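Working notes for the structure below.
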Amino acid sequence: MELASLLIQATLLTMFSVFLYVIIGMIPGTDETATIAPITLAFLTAGFDPLLILAWFMGTIVAFKAADAVPTALAAIPGGVMAVPQVPDALVARKYGYSEILLRKGITASVIGTVVAIAITLPLSFYLAPLGELLKNSAGPLNWPGWVYLIVAGTLLLAIMSKAKILALLSIFPFAMLVQGLRGLYGHSAFISIFLAITIGPILYELLTLISPNNHHLRRSDYARIKLVKTRKISLNPLHHLTKAEVTLSSILAGISGILATFMSPVGLTVLFGDLIKESQKDELKGSLMAYAVRDAIKNATYIGGTLIPLIALGVPTGPMSAGPAHPFFAELASFGGLTPRDVLLQRYSTSTIMLVTIYATLFAALLAYTILIKYSKQLTLFVFRKVPAEALYATFLAIVLVLAYNDAGVAGIFGSILVGLISATFVRNGVSIGILFMVLVAAPYLVGLLF
Amino acid sequence: MEKSEQNLYEIFGEVIAEQDFLKAFLITSALAFLLYFSAPQIVRMMGREDLLNALRVTLSALGAFLGFIVSTVIIEPKRVVEEE
């Protein structure tokens, strides 16, 4: 495919994904994996060009991560799971009447995080490519391929860092057995239905609770009340929105987090660095504004680095991002003759084409999302809160998951998904990071092999 | 504050209504599966039966998205927005 045609298609796809995901990002409670992975998977399973889908994916994560902090700043309601650590900062800003300033800082910092991450992690991933071959050969005491040691080490690290350490460690083998057990029943190495079941698990659990007679604690008598702060016309110049210290810290920490996200959890890094910044400041307001901006930069950077380094350099999903939202690129799909979209991407295109299209799509998405959010954040938030019902969004993702589960393993795939979803949700609701479950899914055959 | 005839529940910080969710779920799933199962006829009409697997998934995602638009139009969001 000619470069010009690729760039035109990437432009259209990026525009579509930015508009769509700015809106989805603003809807409270939208989980990143549940809203991005099923659609990425649907596109790839349908055999669309992997480079174009990568461009679409980059546009999506840039817009989604920038947008999910908007309701956080304007209404102290997190747009998504990654924005939850920003709520306390938003409340401090609101107390001092700084909500609008906070909004601009967050959107600008997310653009900085995007630019820094793409500039550092994309060239680095090509530079690290020789490591990929090393990771694929079997070696070591357990005769596992190198990447399996990495993913198991990452799982253990994530488990030790999570809120429920013991439960997280305890979840590893039973969950691996569940996955392998279902694969045995299906008669083939099903992946998609189990993967989607983990992503949709928490939503599925809550929805099934509604059918239970014990649902009274979820009952409400009134509609949700949302208070939006006043905003004025906002300057488009990004230099007006951040202090020098905020720009420096956002850039440095975005660069470091983008690389660390190869193995580490994006939410974990957002919490860790944001809290360190906040605690280093004596002034409550200054600390919160800084932490909010830095967290926004880290969010975008971890999503970009956590996708690109494993995708291009390693070829195997080594961290929570690549084993989660970006996993469809690593799945062996019938539409690519049993190859993974990642392999097809690297075989079909030269390094320079991949770099050019990816950088173009990411920066174009950042510019578009920045302009839309800075100019129309208030109107968009009002539109989303007034017009888009949560019922429609939850139902849509559930329908996509059901149909893909059916496509993967028939009616048994649907029941299997309910089973995996409920068990995953039970672990996640009790403090186990969802990233652990994704990584266990990827390493399941090797982990279960240890038991027999 | 608005009241509803339906049973309201809070999920992920959002208030949803039982019947409205059921309605949205039935609309999106029905459209997704309808397009999934009509994919063989559609590829036959197009004379591109090699594309069956690809179109099956794309069409069902399209069906779910159409369902999202239909449910967004017919269902009222359960939020009261106040500007300071």
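Numbers run from 1 along the shown chain.
Glycine residues also receive a Cβ, built from the backbone N, Cα and C atoms like all the rest.
Among the features that TrEMBL reports, transmembrane segment is placed at A:6-24, A:36-57, A:107-127, A:147-173, A:185-205, A:252-277, A:297-316, A:354-373, A:393-420, A:432-451. Residues or ranges marked as domain 'DUF112' in TrEMBL: A:12-434.
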Could you pull out which residues elsewhere in the chain have a CB under 8 Å from any CB of the transmembrane segment (A:107-127), counting only those six or more residues past its ends?
62, 65-66, 69-70, 238, 241-242, 246-247, 250-251, 254-255, 258-259, 293-294, 296-302, 304-305, 308-309, 311-313, 351, 355, 358-359, 362-363, 365-367, 369-370, 373-374, 377
Where else in the chain does the transmembrane segment (A:252-277) make close Cβ contacts, counting only residues six or more beyond its ends and a cut-off under 8 Å?
81-82, 85-86, 89, 112-113, 116-117, 120-121, 124, 150, 153-154, 157-158, 161, 287, 290-292, 294-295, 297-306, 309-310, 314, 318-322, 433, 435
Mean of pLDDT values spanning the domain 'DUF112' (A:12-434):
89
